[in-house]
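Engineer: Let me begin by handing over the structure; questions about it come next.
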Amino acid sequence: MLSTKIVHVNSSRAYLIEQAIKKGEAKLLSNGTINTITEPYTGRSPRDKFVVIDEITKDKINWNSINQPFSKYKYVDLRNDLKEHIENTEEIYIENGYAGAEERYKLKVKIITTSPIQALTFKNLVINAKEDFKESDMNIYSSPEFSADKKLHGTNSDAFIILNPTDHEVIIGKTRYAGEIKKSIFSYMNYFLPLHGIFSMHCSANTDLNGENPALFFGLSGTGKTTLSLDENRLMVGDDEHGWHDEGIFNIEGGSYAKIIGVSEDNGKEIYDTLKFGVFTENVVHSDKRLPDYLDSSITENTRASIPLSFFGNTVKKDGIAGHPKTIFFLSADAFGILPPISELNEDQIFKYFMLGYTAKLAGTERGVKNPTATFSEGFAKPFLPLKPEVYGKMLVKMVKKHGSKVFLVNTGWIGGPYGIGSRIKLRYTKRLVDAAINNEFEEFEVFEPLNLKIPTNCKEVPSNILNPRNTWENPEEYDASANKLYTIFKKNFV
């Protein structure tokens, strides 16, 4: 029996903002956004993430250090304690929304939380629903004030993020980091969709201005998915999560959880222009006069904004649906300066590089990461894949073969040397190469050793010498040694 005195259901953004400020969860900034500090959880907390193990999930889940098994009995105890805490809170917030723009596969999702900020996060990132679902397909129970007891509940700390696929639930405690809510829904969709024959993808997507010629951009956080899919000459289908079925692709979300470190009128303007009333930001440093400083990373490099897709205006394909992708990009921020700016992959390489999921782990997307380090993440989504990664890899290859998609590996990282010596590839060059690939402009290719990659020999408005990264190093022999070293690491990690 609810003893909560006030229950807020499907509140407006304005009301949730007012509540967040009133409760001291956030401060109103001069541009109309509200900002909250999520310390000590300024990124995802992988060691606190679990999946409930039971008779149904024991043989389906890819159990590892990310999908840590959690006892059903311990889960029931912790869930009951969390629900009791929520039910005894003075005010709670309930929001309803959909995961999935495709009518046949959309799921009804409900969040019940003690935090107006978490309710606003949910409202900004899912596809909003007007009704209060009597029955939902997935429920999230969350309270950032509630701490687990490690000894009693069996968690690794006082924070927890636990997915229960069989009961279609997620419970979250202690952490205020909005990414845990977003990625919990995505993790569930990565369980649900493949079991129904739909390929779930950690990617952004866009089309031309007529809604045709779709492209996908796979990559981990910070590799450029949002930046590259936001193009004035194309329409963004979605920012980060999609499904691909027999009739095309569809967006899973209704918002963008964008990294905003360094955004300005001159850098990431498309995102900067959305930072206004209704948007919620995390860990942004501001002055006493509430002026935000998006260049200041003293709290974390991983400053974020939860932005409704509607705030991007006419740059978004509003129905969140498109046909089969003609072009697919794997984005890797190569910290060693080895990968070419762009290369076309053959069928064998598509599976290998998808399963490899190579990039540099950029500071702030996980707790404790300060300097970029080489990392491998199957499907560019390892932290969010409950099933064995081969399930997703085989689905990708099947869809690419069936629909004739071209696949390119794109380095959005360094050239001219490794991190600290070389420089980040200019964004305008990467955008031009992406446009050229989408529009079939590449005419001549050469084989690039030692990675056996097919690279274009020229591209309009891009210096030809950077297309082969060996040419950008001061000492080509040093490049060869570093390239062989990286390829040796690749071979150890290739599936």
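Quick reminder: no glycine exception, Cβ is built from N, Cα and C everywhere.
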Engineer: In TrEMBL, the residues LYS183, ASP240 are said to bind Mn(2+). Which of HIS153, HIS168, HIS202 is said to bind at that same site?
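Structural biologist: Candidate in the recorded Mn(2+) site: HIS202.
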Engineer: In terms of Cα spacing, which of the binding-site residues GLY219, SER221, THR223, LYS225, THR227 are within 10 angstroms of ASP240 (Mn(2+) binding site)?
Structural biologist: GLY219, SER221, LYS225
Engineer: Using C-alpha positions only, work out which of the binding-site residues SER221, THR223, LYS225, THR227, THR430 is nearest to LYS183 (substrate binding site).
Structural biologist: SER221
Engineer: Could you say whether, by DSSP, SER221 (ATP binding site) belongs to a helix, a strand or a coil region?
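Structural biologist: Once the DSSP labels are grouped into three classes, SER221 (ATP binding site) ends up as coil.
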Engineer: Starting from the Cβ of THR223 (ATP binding site), draw a 10 Å sphere and report how many other Cβ atoms land inside it.
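Structural biologist: The answer is 25.
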Engineer: How far is it from SER221 (ATP binding site) to ARG304 (substrate binding site), counting Cα to Cα, in Å?
Structural biologist: 11
Engineer: Reported as an integer number of Å, what is the Cα distance between ARG44 (substrate binding site) and HIS202 (Mn(2+) binding site)?
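Structural biologist: Counting only the Cα atoms, the answer is 16 Å.
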